[in-house]
Amino acid sequence: MGSVNNEEEMDQIEVKWTKEAILYVNGVRKVLPDGFAHLTLLEYLRDSGLIGTKLGCGEGGCGACTVMISHYDKRQKKCVHYAVNACLAPLYSVEGMHVITVEGVGNRKHGLHPIQETLARVHGSQCGFCTPGFIMSMYALLRSSQTLPTEEQIEESLSGNLCRCTGYRPIVDAFRVFSKTNDALYTNISSESLKEGEFVCPSTGKPCSCRQKTASDTDTCGESVTCGKSYKPVSYSEIHGSTYTEKELIFPPELLLRKLYPLCLNGFGGLKWYRPLQLQHVLDLKAKYPDAKLLVGNSEVGIEVRLKRMNYPVLISVMHVPELNALSVKDDGLEIGAAVRLTELMNTLRKVVMERAEHETSSCKAFIEQLKWFAGTQIKNVGSVGGNICTASPISDLNPLWMASSAKFQIIDCKGNIRMTPAEEFFLGYRKVDLARDEILLSVFLPWTRPFEYVKEFKQAHRREDDIAIVNAGMRVYLEEKGEEWVVSDASIVYGGVAPLSLSARKTKEFIIGKNWSQELLQGALKILQTDVIIKEGAPGGMVEFRKSLTLSFFFKFFLWVSYQMDVKTSIKTSVPSSHLSAVQTFHRPSVIGSQDYEIRKQGTSVGAPEVHLSSRLQVTGEAEYADDTPMAPIGLHAALVLSRKPHARILSIDDSGARSSPGFVGVYFSDDVPGENDIGPVVADEELFASEFVTCVGQVIGVVVSDTHENAKAAARKVHVEYEELPAILSIQEAIDAKSFHPNTEKCLRKGDVDICFQSGQCDKIIEGEVHVGGQEHFYLEPHSSLVWTMDGGNEVHMISSTQAPQKHQKYVSHVLGLPMSKVVCKTKRIGGGFGGKETRSAFLAAAASVPSYLLNRPVKITLDRDIDMMITGQRHSFLGKYKVGFTNSGKVLALDLEIYNGAGNSLDLSLAVLERAMFHSDNVYEIPNMRIFGRVCFTNFPSHTAFRGFGGPQGMLITEHWIQRVAVELGKSPEEIREINFQGEGSILHYSQQLQHCTLLPLWNELKLSCDFLKARQEADQFNVNNRWKKRGVAMVPTKFGISFTTKFMNQFLSHCKAILAGALVNVYTDGTVLVTHGGVEMGQGLHTKVAQVAASAFNIPLSSVFISETSTDKVPNSSPTAASASSDMYGAAVLDACEQIKARMEPVTSKHNFNSFAELASACFMQRIDLSAHGFYITPEIGFDWTTGKGNPFRYFTYGGAFAEVEIDTLTGDFHTRTANVILDLGYSLNPAIDIGQIEGAFVQGLGWVALEELKWGDADHKWVPPGCLLTCGPGNYKIPSLNDVPFKFHVSLLKGHPNVTAIHSSKAVGEPPFFLASAAFFAIKDAIIAARAEAGHNEWFPLDNPATPERIRMACLDEFTAPFASSDYRPKISI
């Protein structure tokens, strides 16, 4: 063993340090060299070729990087297994441990693990980028469980994993078979003993008979499917961590025997990493390096280093110091070492609650509940008690509870002196604590509570699960009986999120101590709280009125809760009315239950069958490759962008000297270095590749730096100094309208009838006017933008592999900026990890930026954006402003609509005009309106250019419509559903752009939806619940949709300005062994396009699906293809492939007619011997579409997809929290090409839509958010931007496809599915509004009110007017929104 005693910096520390570091990865021993202290575990794994572990966000917020860590715990004397975020774990923190990645769980060559197999079979993987993370979270749970996990434990283990594609339901169903609900798994019934035809349903966990039948070519079988295709449960011994089988990697024996040594290692930039093993070693190091950072899980320091660019030269890992990991139960309380992990704390607290007297554990129960929502499982597995305390975040969930619970902190200095300080006195200011430079936190003492002492936790966040708090609190009261009264003997009220530190409401505390527990105490305390907790206007974080109201709501809830506890135990005068009980009852979320109902219409061998995604087995094993997984040549370089920091400015000078002297620097390139043209743009060339004179948004690309590593490139790019002359910026749609800031030639108008005459004629009994604010949305595809560009033949050719929905656009951009013909540029895309429109046009400029240094240096260059940069610069869903005037009769019939709609395009046009046009086309939704005038403009704003997103403007247009429909209902005292039905379009209706509806299935679909959800009964039950509950309300709503299918952009049409056809190409090759290779112009991004296209080919040739293979999308195989977008890809590319197959079949026909062949392989060989060409290029043009804006007439859509959804929600009126209790969705998809994949698309779209209408809020630096720098995006990562998690899925999620309505206008009578279901999530939004209406009615407010989307807790709570909002906001208060 080496020693560093002789090193200068260690001459004062008498301890033998070593640099010898090892770890095991998937059973293979690895020696870690010195110098890697700056690396994360994820970087090491991926650099080692283990690419199954993905980089999704880099901040531990998405779970794509999840791996399992195993090590021998000497204190517990057993091996422990747990999931961690590899993106945050420092490499050396896992020294002496066993790391298992998805590759170590199972693979296709040696067999899939049961977890992988079940997820693949039940359609739980779509784009597949998040899939390895889910596999590893579940695997770690099973390896760590001594008994079978419950469904609740399974869902909790997945709390740190995000999925943007599936809607989570199939993932939960897949993993449910491993839980206790599976009778076969815990009653000693083996899978073999199940009767033939029986299998365990993942929804119910019991043997059931809903196995799908095999349909013949002519069979039609409809069934209500509550699970995916049948699969057998696995016995627990196969996945039990303590039992070794050939499927499991055992814990390496060497690590059991190996002694740990103190580590002293180094990293880039002089970084020093220490791992002491004794407390004295820690104290000695702290004396030597007073500013050193102590860490356990790196969950905070890692974020500070990566996102906040903080520099810590010395890091001390204390995770192996016994004194800091002590956790002991004592007579007077619980002593918790500062390095104790949060998961361990939670497990201990649960054990304590079970074992000790109930009155002693009130604070323990509060901590358990708060920890449940604290963070994802991976973070809790490594995050420490002391780390959370000493970070002193003002929104820490635990610090208010430590303070309220009278906890004491034990502090030790470098000389060994120990002192105790109350938690209430420990926090001094913003991230400042009562610790001297030579002191560390040793432990925390949590006292037991006394009889009639109550501690309660509170937290409200944007999202319940794995989210930082908006406001949280810890409250405690100790009551003593004096005569017939209960008097407050002691109390503590502490809030987080209301000040720079966790704040004790001292005046309120002093007021209630000594007073009787009564209504008088409550009212007096609420008044004092208003002055005790002050949040100034413009305070960081915003939402001032909401945060103030929460301080009152939390105390009111606490008062009710304590009164209820006392009421149960003893007689108390302040009993809680039954209608108030819902305010204090702890919410326990039931497990997700899903059902899927569809018919199977098989055509040929494969079309119509619910086949599994072709890449599913690759995805569940981590073997599926994405752009960033492509290995780089040794001479390869990494690119990082030089970005504007101003929303609008003139560039005065650029100083790149700092970058040039940066480590690993190779080159930096600006506009003058572009070999070809610097002007770019998908429709209009109104953008610059590199800004030359002006910047028009924060995040605009000014140049590109290339270095030897990704981190070095980013560091060099940050050192490029740009001097600006700031210019006025337009930072909202309204500012653009006021300044007449519009993109040129974007004014559009559609007319039907005469709205002016209708308004003036007196036909309308009522006329209403109003505004609708529609928020934007981040795509949040799990795979960030990535491209690898390289040259061939000395730069004569350029090739690239890109994560894009439009390879042809990459080809065009790169050829344009390099001055090369398109024939010399090739773009390939294997698959992408989600796109949703965000990789249709906004990915091309990134590939073009990387191509410049690659071309000039003749070296491969890879560019992969970090999540925060990706979100900041690549654009989002357009926000909209709608101004409506609607005339209608007293019966509810709408007669006239005058609508102005504006979208915020950002600093370039991109696809914004087409988005606006689709919004205008969809502004009738499904309603017959005789007189319409729709005026639209595209606003120029100083934000990054917004772009396509699932629905492409249609959802925004329809949401505006449903807003005024709901208002009409309020004005007339009718239900919105009644108004909708009165105004339904039908067969033959002429739309406001002159297209006639044909094959309209709206009415039968709507009636089936009403029947399936029993709407009248649901309405009555919600009303009855609302009568019985004052502080929780339920709402219901039904919403229809009609979505037009086709591109609405002319540039998609072969780049000919007057061409009206959408085109698709395909290449089909038949080989002599009977297998078929298909290449087409569409991109697989999780939507199952390749699977459906392969099914078309398989049925065309009457061969098994396994005989068809689709490798990649490549511009040198199929040229000039349209982007994969607009939900039309299955229609287009399926038809193109069918065309190619039919050509080959026609050539084969003479041979087929003369001979009988036993197999397709024999036929193919015979045709080859007859010199018949077995390759064909297929082509498809969408017929009969086109629109003339000069006349306002035409057929912009080939057909329409109809749908409807019912939703029931429950809201907490005191906090704004909500749950979707039920969602019923039904869509008309004709005869589905693959109903299982289509169901997955519907569920994923609905949950993504739920994010848009209720969770996901973009916050920009604008006039309403002055605490954010102008033009900057605050919500640029999973820390601040919250997409739906598993906890947000409807409790009951039912999806069905309309039966018996083939679509005569598309391939195999099918319909497009990707975008139409997205808007149906608005049913949840209007159900929320319905619940708010009930809450407002109790406060005497029955008037109409606006509710903007997303309906965040802030908007829900502030709309529920009551005595807790009245002190801070008027009845017409409208929370601020960035649009």
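Including glycine, each Cβ sits where the backbone N, Cα and C put it.
Since this is a predicted model, take the numbers as computed values, not measurements.
TrEMBL lists 19-105 with the feature domain '2Fe-2S ferredoxin-type'. The annotation [2Fe-2S] cluster 1 binding site is assigned in TrEMBL to Cys57, Cys62, Cys65, Cys87. Positions annotated as [2Fe-2S] cluster 2 binding site by TrEMBL: Cys127, Cys130, Cys163, Cys165. Residues or ranges marked as domain 'FAD-binding PCMH-type' in TrEMBL: 266-451. The annotation FAD binding site is assigned in TrEMBL to 294-301, Phe374, 384-388, Asp397, Leu441, Lys459. Residues or ranges marked as Mo-molybdopterin binding site by TrEMBL: Gln805, Phe836, Arg950, Ala1126. Marked as substrate binding site by TrEMBL: Glu840, Arg918, Phe952, Thr1048. Here TrEMBL flags Glu1315 as active site, proton acceptor.
The DSSP breakdown of the domain '2Fe-2S ferredoxin-type' (19-105), given as helix, strand and coil counts, is 14 helix, 31 strand, 42 coil. Calculated from their C-alpha atoms, the gap between Cys87 ([2Fe-2S] cluster 1 binding site) and Gly387 (FAD binding site) amounts to 18 Å. Considering other CB atoms within 10 Å as the measure, the emptiest surroundings among the recorded positions Glu300, Glu840, Glu1315 are those of Glu300. Taking every protein chain shown into account, Cys163, Ala1126 are the binding-site residues, and of these the Cβ with the most other Cβ atoms within 10 Å belongs to Cys163.
The average per-residue pLDDT of the prediction over the domain 'FAD-binding PCMH-type' (266-451) is 95, rounded to a whole number. A straight line from the CA of the residue listed as 'active site, proton acceptor' to the CA of Arg950 (Mo-molybdopterin binding site) spans 5 Å. Neighbouring residues of the recorded [2Fe-2S] cluster 2 site, listed in sequence order and excluding Cys127, Cys130, Cys163, Cys165, comprise Ser125, Gln126, Gly128, Phe129, Thr131, Arg164, Thr166, Leu782, Gly833, Gly834, Gly1086, Gly1244 (Cβ within 8 Å of the Cβ centroid).
Taking all protein chains in view, 28 other C-beta atoms sit within 10 angstroms of the C-beta of Ser384 (FAD binding site). Taking CA atoms as the reference points, Cys65 ([2Fe-2S] cluster 1 binding site) and Glu840 (substrate binding site) are 26 Å apart. Taking Cα separation as the measure, Arg950 (Mo-molybdopterin binding site) is nearest to Arg918 of the binding-site residues Cys127, Leu294, Ser384, Arg918. The shortest Cα-Cα distance from Leu294 (FAD binding site) to any of the binding-site residues (Cys127, Cys130, Cys165, Arg918) is found for Cys130. Cys62 ([2Fe-2S] cluster 1 binding site) counts 30 other C-beta atoms within 10 Å of its own C-beta, drawing on all protein chains shown. Listed binding-site residues near Cys163 ([2Fe-2S] cluster 2 binding site): Cys62 (candidates Cys62, Gly387, Gln805; Cα-Cα distance within 10 Å). Taking the Cα atom of each, Cys62 ([2Fe-2S] cluster 1 binding site) and Cys130 ([2Fe-2S] cluster 2 binding site) are about 8 angstrom apart. Cα-Cα distances to Glu300 (FAD binding site) place none of the binding-site residues Cys57, Gln805, Phe836, Phe952 within 10 Å.
You'll find the Cα of Phe952 (substrate binding site) roughly 17 Å from the Cα of Cys165 ([2Fe-2S] cluster 2 binding site). Other residues of the chain with a Cβ within 8 Å of the Cβ centroid of Gln805, Phe836, Arg950, Ala1126, the Mo-molybdopterin site, are Gly835, Gly837, Gly838, Glu840, Ala948, Phe949, Phe952, Thr1124, Ala1125, Ser1127, Gly1314, Glu1315. Gly297 (FAD binding site) and Cys165 ([2Fe-2S] cluster 2 binding site) have their C-alpha atoms 30 Å apart, to the nearest angstrom. Ranking the binding-site residues Cys57, Cys127, Cys130, Phe836 by the distance of their Cα atoms from the Cα of Leu441 (FAD binding site) places Cys57 first.
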